[in-house]
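Novice: Below is the structure I would like to discuss, written out as structure tokens.
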Amino acid sequence: MVIRSLDKKLLRDMAKMKWQCVAISLVLACGIAMFVMSISTRKSLIQTQKIYYDNYGFAHIFSNVKRAPLSLQKRIAKIPGIVKVQSEIVVDVTLDFAEAKEPCIGRFITIGNGPHRKLYLRKGRFVNPNSNSEVMISESFFNARNFKLGDHVVALFNGHKKKLKIVGVVLCPEYILEIRPGDLFPDQKHFGVFWIKYNELAAAFDMQGAFNTINIYLMKNSSTKKVITMVDRLLKPYGGSGAYDRSEQISNRYVSEEINQLANMAKVAPTIFLLVSIFLLYVVFTRLISAQREQIAILKAFGYRHREVGIHYFKFACLITIPGLIFGTFLGVMLGRNLTRMYTKFYHFPIFHFSLDVEVIIYAILISLFTAFFGVFRVVRRAIKLPAAEAMRPEPPPIYKPTFFERAGLSKFLSQRERMVMRHLERNLGKSCFASLGIAMSVSILVLSGFMSDAISYVIETEFHLAKRHDISLIFNEPTSHFVKNSVAKLPGVLYQESFRSVATHLHAKHRSRRLAIMGLQQNSRLYYLLDMHRKRIHLPTKGLLVSKMLAELMQLRVGDFVTIEVLSGQRPICQVQICGIINDFSGLNAYMEKNALHHLLREGSCASGIFATIDSSRKAQLYTKVKSLPHVASVSIKSSLVENFKKTLAENLLVMKMMNVIFAVIIAFGVVYNTVRISLAEKSRDFATLRVLGFTHSEVSGILLGELAVVTLVALPIGIAIGYALVMLSVVGLASEIFRVPPIIYGSTYAFAIIIVITATIISGFFVRKKLYKLDLISVLKTRE
């Protein structure tokens, strides 16, 4: 194969600039890796979700009722647009087994005889139609509690203990994520889902010939809203709490939200890396073409056309970006596989494999070509337009004038070397500013990566220590007389308790509506503070509604507006209530009322949906044993377990993401700093050689070069912190969802960490360039090139 002359020149130039090319390729590789990881994982998650939903019958509409006859199922199935209706009995009960020191809750769901289309059998078998006391268990609870097939659990069915045998481990599309009502994250050790024969559960809870949950499957292109309206009309006499579609199904909401976050990740981080890559290519090629003016002129004199010279330099840029493309794609696949492994611990799909789509590779190639083109376009365009005769002459020397420091009379405070540093920086102000901006971007990425850890720590401290001051909460199956407080107070270890009331409602404001629970709290509660993101306590108004900021924004509510509350249980009153306050909280769409005001709205006497309590830690074992035997308790939440689970869920993910961002930020810092100093060395090698001949030592000469680097870095630090804070604010807006919101909290340690990492990367870069300076050949550098 014959290598053309220009290609030989290209390879020689690349060999001379190999480390600069490597630095640029690595920065580009980071951007490509983030893009490939985010987009591929998102596509894999969407594809896995769709296949699972389609193959295992994830319903389109869901509804809960108090108790409805099975005959109603046929009437619902006749509604236009409905393909199939599936009714179930769903009951939450307390569990007891050998390893369970703390109370656990089991959600029992009925199934028919034989294989169940909604269930994927992971191991074991389905329940035997001819046997009693057999159950199948969800995989997450099975693994978290280290159960084995054949183990037994004891469930409290309507006040009676029933021993049940585990015969199978299953997955269900409704429980990709198993979360108790009111919890923010899944608690796999204390909440599990079980499937049992219909006759057994119906007999235990006096539900023969009835159901309390219904799943509805729709025809393609059916109107979900119209079907929900008709379903609600049929279920209302039986205590229906309002039908809802997939968008409100808790497990599906979490998966969909994760898909949205991956889309945001694919936009922000890669853009930063690609902009830095374009900047580095621009700076490097500006210097390269400036140094090769005479070579370009000779090429034109020998007959090379403008197009051929332009293509030559564009090929050079492509050869720099291609290794970044290849390495970035492989790195993105590795990171994507790692992210997929983390998802498999969190989301329970039958099969969840990371797949690299051809479309993603095509986009990655286009991004690389875009980077190469825009990085060198202006420089190459200027070079090929330069007439050969003019290019043969050396560049005219710059016009020098007194610098700002000299005009301001500040130069007398600077040493000779410091004045040289300031002159060069000001006379190359554009390059200096771009170099500072590049280093600042690495600082900003480090600030952004540390922000999430800070925000989560802040949320944990605020939510679980300052706001929720109880140790344990009990939720009852049905609203219970407020005298239940006296019974709870007599439980071993209970120090203080408060009751609360919670009711499901539809909130309407003009044409907008939301399905949510209103919580009634005691005025000046000691165990449940309402705090905003700045930890300011918000006091409940004696009348009216206090709503979360996210709910107010979605429904376009302001203080003083009236909303219509449609209660979905009891006497189902419909009334108007004024918005008396808005609270900027961390999670969910929340609405609060003073407890007595809520009783008045519901037209009921004093009662409780649950109890908050503080306990004596030395007697908690006795308390837990007693709670397990309470028949009217549907759910138990122990704050210490919630905090531990919250930290465990996020700690591994945050650590991996933080380490990845630190590595990427170091690459950016090294790439920018190394290229900046190498270019500065190349531009002023003749000046440095002259200084050496005049008697300057190696240390004195390197002090000038590294002094410029120090000033550029110091200027970049505050700029990077400011950009980092701006990125944090953008992330807060981008991450905000109905499920979870993070506050814009950045601790001083995060800023310090970012500064230390960048300064360290700068020092290492300076060390390598200093070695190059020491090897400078004074004779060859000082030779006259004309």
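Note that Cβ sites are derived from N, Cα and C of the backbone, with glycine treated the same way.
This is the feature table in TrEMBL:
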DOMAIN    268-387  domain 'ABC3 transporter permease C-terminal'
DOMAIN    662-776  domain 'ABC3 transporter permease C-terminal'
TRANSMEM  21-40  transmembrane segment
TRANSMEM  268-290  transmembrane segment
TRANSMEM  311-335  transmembrane segment
TRANSMEM  360-380  transmembrane segment
TRANSMEM  429-452  transmembrane segment
TRANSMEM  655-677  transmembrane segment
TRANSMEM  709-733  transmembrane segment
TRANSMEM  745-769  transmembrane segment
Novice: Can the transmembrane segment (709-733) be said to touch the transmembrane segment (429-452) if we require at least 3 CB pairs below 8 Å and skip pairs under 6 apart in sequence?
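Specialist: As far as Cβ distances go (cut-off 8 Å, pairs 6 or more apart), the transmembrane segment (709-733) and the transmembrane segment (429-452) touch.
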Novice: Output the single range from 21-40, 311-335, 429-452, 655-677, 745-769 maximising the number of Cβ pairs under 8 Å to the transmembrane segment (360-380).
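Specialist: That would be 311-335.
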Novice: What are the helix, strand and coil residue counts for the domain 'ABC3 transporter permease C-terminal' (662-776) according to DSSP?
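Specialist: Within the domain 'ABC3 transporter permease C-terminal' (662-776) the tally stands at 96 helix, 1 strand, 18 coil.
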Novice: When each of 21-40, 311-335, 429-452, 745-769 is checked against the transmembrane segment (655-677) for Cβ pairs under 8 Å, which one has the most?
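Specialist: Per the Cβ count, the answer is 429-452.
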Novice: Under an 8 Å Cβ to Cβ limit, what residues of the same chain, 6 or more beyond the ends of the transmembrane segment (311-335), are close to it?
Specialist: 6-7, 9-10, 13-14, 21-22, 24-37, 40, 277, 281, 285, 289, 354, 356, 361, 364-365, 368-369, 371-373, 375-376, 379-380, 383, 660
Novice: Suppose you look only at the domain 'ABC3 transporter permease C-terminal' (268-387); what would the mean pLDDT be?
Specialist: 83
Novice: How do the residues of the domain 'ABC3 transporter permease C-terminal' (268-387) split into helix, strand and coil according to DSSP?
Specialist: 101 helix, 0 strand, 19 coil
